[in-house]
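To keep things clear, I will list the structure first and then write my remarks on it.
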Amino acid sequence: MRATLIIKNIDNLITLKGENNPRRGKKQGEVGLINNGIVAINNDKIIYVGSGGLPSDIEIDENTVFINGKGKTVTPGLVDAHTHLVHGGSREHELSMKLKGVSYLEILASGGGIHSTMEATRNATFDELYDKANKSLDTMLSFGVTTVEAKSGYGIEDFDTELRQLEVAKKLNEDHPVDIVSTFMGAHAIPIKYKDNPDEFVDIIIKEMLPEVKKRDLAKFCDVFCEDSVFTIEQTKRILLEAKNKYGFIPKIHADEIVSLGGAELAAEIGCITADHLISASDAGIKAMAEKGIIANVLPGTSFNLQEGHFARAKKMIEENVPVAISTDYNPGSCPTENLQLVMSFASLIMKLTPEEVITGVTINGASALGLENEIGSLMEGKYADLVIFDAPNLDYIIYHFGVNHTEKVIKKGKLVYEKNNCMN
Ligand SMILES: N=CN[C@@H](CCC(=O)O)C(=O)O
Ligand SMILES: [Zn+2]
């Protein structure tokens, strides 16, 4: 077969080769490292991964492009499997409150937090939302991210805004090189108007919103913020079971982020693809997730930004055989950063995951968190040619030398879509 692009002499080629399913336990630390690696691509797919030269059945012609991987580390394209990509406004006005010790839930209860982003999102036009999210996607891509999950959830009872967020994500998926997978998250906060009767709002989500989102084919997943003073376990269960059984959405939960409510246990009971956050997940919840093979999508950037000193027990989760994915949670309140590389360093330096466990978390396990493990997440023949060339001699360096961008080039579906700019001096 003819190669359109070849990356050769790669010092550290991290393939993640293996089965197309979330890696857990010891396997979370096995990354399929090849020294002096070579990857051959035909159009959008990988046709060969190995060491040294190419086998004789791979044809090269005058149009084949070569990239030299000497001194570089190459990984699969990174997957950011939890973001609130499309929103209006920003919440830096919360910083001074946070510094005085006002908590995330206190800001939310006083009508700020998610409510203030709701207002900014409702007041934003399609184009304003599109331009802002497009800029964030460019930033994510520069950090090596090639696939992103994007949630609605800033329209809430204003269903038009929910739909607008999802339409923006759909259009960006068509226009931008980064792939976007959408999640409907109408259950992101209890609207102030339903404060005394939240079940009425739950009924609206179930009876009016879910069927319409499905009819318009705007989301693959359905997510609920299950939290103290937000949606209860019972309400979360009602929404997600209906979403799953009646409309075929794949369920996810913002689980045990702040208070240990039993979100992890519920994720196992319902058969969610992921439970996300899990900062306060109980031992029983972790065990239940392991038994059912639910992916823990941990978000250490959020813990860092919440400033309360609590991080999900990701190391224990791996020891207990729960597959762990790692994502940014990019949003304007609890994690205003698109920098997945920084979040990877937090996962290692604070949660104590090895660099191998971390890279698995943002590649094959991130892909699995989006149900895309057969297409992306590892560098293997037949998969999409999504990969990152890091200007780094090895994987440890990317994690250890934290807070900067190590990306040199990003290839998405076989095309060069990002290259680091040179300084003008
Ligand atoms: N916790 C709920 N949702 C987001 C935060 C959204 C916001 O504060 O705007 C999260 O995952 O952290
Ligand atoms: Zn979130």
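Just so you know, glycine gets a Cβ as well, placed from its N, Cα and C.
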Recorded Zn(2+) site member, picked from D11, D158, D329, that accompanies H82, H84, H254 in TrEMBL:
D329
Look at the N-formimidoyl-L-glutamate binding annotation in TrEMBL, where N331, G333 are given, and name the residue from Y48, Y130, Y154 listed for that site too.
Y154
Select one of S334, S345, S348: the residue that TrEMBL places in the 4-imidazolone-5-propanoate site alongside R91, Y154, H188, E257.
S334
Quick one: which of these binding-site residues, R91, Y154, N331, G333, S334, have their CA within 10 A of H254 (Zn(2+) binding site)?
none
Within the same chain, and leaving aside H82, H84, H254, D329, name every residue whose CB is within 8 angstroms of the centroid of the CB atoms belonging to the recorded Fe(3+) site, in sequence order.
T83, K151, D223, D276, H277, L299, T302, S327, Y330, N331, S334, C335
E257 (4-imidazolone-5-propanoate binding site) and H82 (Zn(2+) binding site), distance between Cα atoms, whole Å:
14
Of all the binding-site residues given, namely H84, R91, Y154, H188, E257, which is spatially nearest to G333 (N-formimidoyl-L-glutamate binding site) at the Cα level?
R91
Hey, what's the Cβ neighbour count for G333 (N-formimidoyl-L-glutamate binding site) at 10 Å?
22
